[in-house]
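Participant: Next up is a structure, given as structure tokens.
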Amino acid sequence: MSKAGGCRGCGCRVPQRASWSLVAATAALCLVLATSVCTAGAAPMSREEKQKLGNQVLEMFDHAYGNYMEHAYPADELMPLTCRGRVRGQEPSRGDVDDALGKFSLTLIDSLDTLVVLNKTKEFEDAVRKVLRDVNLDNDVVVSVFETNIRVLGGLLGGHSLAIMLKEKGEHMQWYNDELLHMAKQLGYKLLPAFNTTSGLPYPRINLKFGIRKPEARTGTETDTCTACAGTLILEFAALSRFTGATIFEEYARKALDFLWEKRQRSSNLVGVTINIHTGDWVRKDSGVGAGIDSYYEYLLKAYVLLGDDSFLERFNTHYDAIMRYISQPPLLLDVHIHKPMLNARTWMDALLAFFPGLQVLKGDIRPAIETHEMLYQVIKKHNFLPEAFTTDFRVHWAQHPLRPEFAESTYFLYKATGDPYYLEVGKTLIENLNKYARVPCGFAAMKDVRTGSHEDRMDSFFLAEMFKYLYLLFADKEDIIFDIEDYIFTTEAHLLPLWLSTTNRSISKKNTTSEYTELDDSNFDWTCPNTQILFPNDPLYAQSIREPLKNVVDKSCPRGIIRVEESFRSGAKPPLRARDFMATNPEHLEILKKMGVSLIHLKDGRVQLVQHAIQAASSIDAEDGLRFMQEMIELSSQQQKEQQLPPRAVQIISHPFFGRVVLTAGPAQFGLDLSKHKETRGFVASSKPYNGCSELTNPEAVMGKIALIQRGQCMFAEKARNIQNAGAIGGIVIDDNEGSSSDTAPLFQMAGDGKDTDDIKIPMLFLFSKEGSIILDAIREHEQVEVLLSDKARDRDPEMENEDQPSSENDSQNQSAEQMLSLSQTVDLADKESPEHPADSHSEASPSDSEEAAGFAPSEQISGSTENHETTSLDGECTDLDNQVQEQSETEEDSSPNVSWGTKAQPIDSILADWNEDIEAFEMMEKDEL
């Protein structure tokens, strides 16, 4: 997400009839007032060091952009591990995330205005020519309306804005004649059919060539869309209208915003995550500031800044008051139910909320922005990157990190608002982590698991559009930028739109369809910029004083948010039945459950599910007791499963030219050397003969002292391990024989033994899917000598590695101890469903609504539970691990089955919890919402 370029750090008004000079002056005044909050709290960074870091950002951008142009263009995105372009239809489907790809050179368009911000005007001119020459917007492909708007339409408009700026300066782009604007207008008209609904909310997808509903369009049957998807259009559509004079675009975007405002929950003033585009009914009724809603709030405030329409600010202020009243539990931002805003909807937060501190800076609410940003920074320091989702006690919930820019964005705006050099140090940490953990020979690779350091073959276009832009601006002085950044507003994709658009085409109707606005008693809602010298007099350490109590919040404390006694559980009250005491065969216990509104459902597989219907409880107090009982079930289940899991392992390629930059996610074995308890194993790789490793090796001299590569199939894993161990191998990597399999699209599992005593196997054994294994095989074909590191977690890359002329000795193995693996904490038995590549196509037997709570347990009375109304505090006052654990699958191989079926252990308790669907939908929403 992104913030406005002008008017930083305040909620200042852009006058509706202001001249452009007054608008610019207002923006400049806001910045002057906002930058005086503090100038201390960290050692000042010298201009030389800032320039050095700025130059480092430029080099990193060149590495990413250059590799895209060399290896991927004209494809939409670069696949940095395999050094090729991602072309839709030619790669395995990743689900909704692929809806951003339209065969229109997405990364190039998304990077246009970044080139100008980074003072690469020649490259910008070349890129514009390539877009005009090569890009086709009439492809027969179904794309996301939201992603196409913010990335492609926004990219074209941002490129046009800076092209006309450069042309006016008289040095570059003298040939330019609004060609990018013409393309933007063409694309705008292609998106308009999506708005053909009774509500005015757009369909989530559209076919660029055939539109909606036609048989050949393959879309138009959807009924739901996310709030952000429908509410993040006004900036681009209004800019298109004001650039071209065609008012229809702004009118359609305004109608969608008006409808969302009308459908807000009137008592809480919150909006849900997904809405029916035909009826306006809320489909998912949880509300937060992260995935699915985030940029809706952002665009209300920025639409006011860009367009000068008071109604947008009034709506934003109403929502912001509700956010701070219900969702903000400093330093946390926790989702709640729109109808029951005092009850938390979940106990985890997603990475997209990292944009919110930056939006609060634009609003002028600095203190909570500093608090939340510092909390997020502590999570990053623990995991190197911000996990896609993390729990309220800061454990990993979803381990992926697709190189999101939102935290860098908030860091930039907090620095501009406070002048505190602390935020320069934060930016420096981001640069170091990107180079240390994400940089690969062909660009920067997304992190598949922040705990192991494994990579995903993915570099999204927003990484170039946003990350480098914000990092460069963080360290740049005004003279380093060839234009005045304060004259522009940033879209959610960090594209630049000129503020002078507020004075053009003002004939567009601003009919107020809002009922009434809530009177809000808050000085932050003033229509002028706050004077920070008055707000924070003589306190240069203001920001530091706010951060200090949060320094150890991740490692040493368990923040519990605000305890809402008046709306939550009775303080000190105990439920009549504790989860640990419950017995399904006890009639008295069943009667107590009935009183609390909890019923038992016997499932076909012999398990029992607990479901709470609050309205069926004997009283509101009993309903609260039932809710607490369900929460205890979750905690009990989590604790029971903690010690039953084995975490994934890592295979790290450390020889030239990789130097540890490529990390592959590997499955462990239930036998052999345990890498979490022993030293890592380092060695060169060699293929075994026979390749399946099912008989005595015929090339023992080739694998002696090396890590043997073996193909899956034909015999047991343990038999393969014994054969390569007898040949002198120091470790083994089993590569899947199912072509195209990948840890991106299949659940990781443990290699099981053969039913015999496996204590004789002393070497470590790891499993790689076909896609990951092919990376090693390709490296062998190209470089012959390939050295890898087998460990429980990717080793920090030593700078000395890249200075070594020759690879280390082939016999140099098991040197340097690995760090202890962080506990695995993903959703139980859902490794194959959490990924966006796996849509939620199998659900638990019961699917209660948002007013229901559900839990399941096995007949053995290993009980667990789930509730949508999670609180952040444990009942006994201790920090409780609320992470859901991944159920690793064990698998043996049969002699005569080349296509081995994957058996799993009995379905664990939590896999039937009632909020399973919501959890999966939330992850998929993150992939839709500017992943």
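Quick reminder: no glycine exception, Cβ is built from N, Cα and C everywhere.
Since this is a predicted model, take the numbers as computed values, not measurements.
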Participant: Check each of the ranges 172-175, 216-219, 772-775, 928-931 against Swiss-Prot and return the one annotated as motif 'Prevents secretion from ER'.
Facilitator: 928-931
Participant: Look up T492 (Ca(2+) binding site) in the DSSP assignment and report helix, strand or coil.
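Facilitator: In three-state terms, T492 (Ca(2+) binding site) counts as coil.
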Participant: What whole-number Å value do you get for the CA-CA distance of E388 (active site, proton donor) and D294 (active site)?
Facilitator: 15
Participant: Quick check: of the recorded positions listed here (E147, D294, E406, T492), which one has the Cα closest to that of N196 (N-linked glycosylation site)?
Facilitator: E147
Participant: Could you pull the average pLDDT for the domain 'PA' (675-780)?
Facilitator: 90
Participant: Given the recorded positions N119, D294, E406, T492, which one's Cα is the least distant from that of E147 (active site, proton donor)?
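Facilitator: Of all the candidates listed, T492 is nearest in space.
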Participant: What are the helix, strand and coil residue counts for the domain 'PA' (675-780) according to DSSP?
Facilitator: 25 helix, 24 strand, 57 coil
Participant: Counting Cβ atoms within 10 Å across all protein chains shown, which of the glycosylation sites N119, N196 comes out on top?
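Facilitator: When each Cβ's neighbours within 10 Å are tallied, N119 leads.
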Participant: Across all chains shown, how many C-beta atoms besides its own are within 10 angstroms of the C-beta of E406 (active site)?
Facilitator: 27
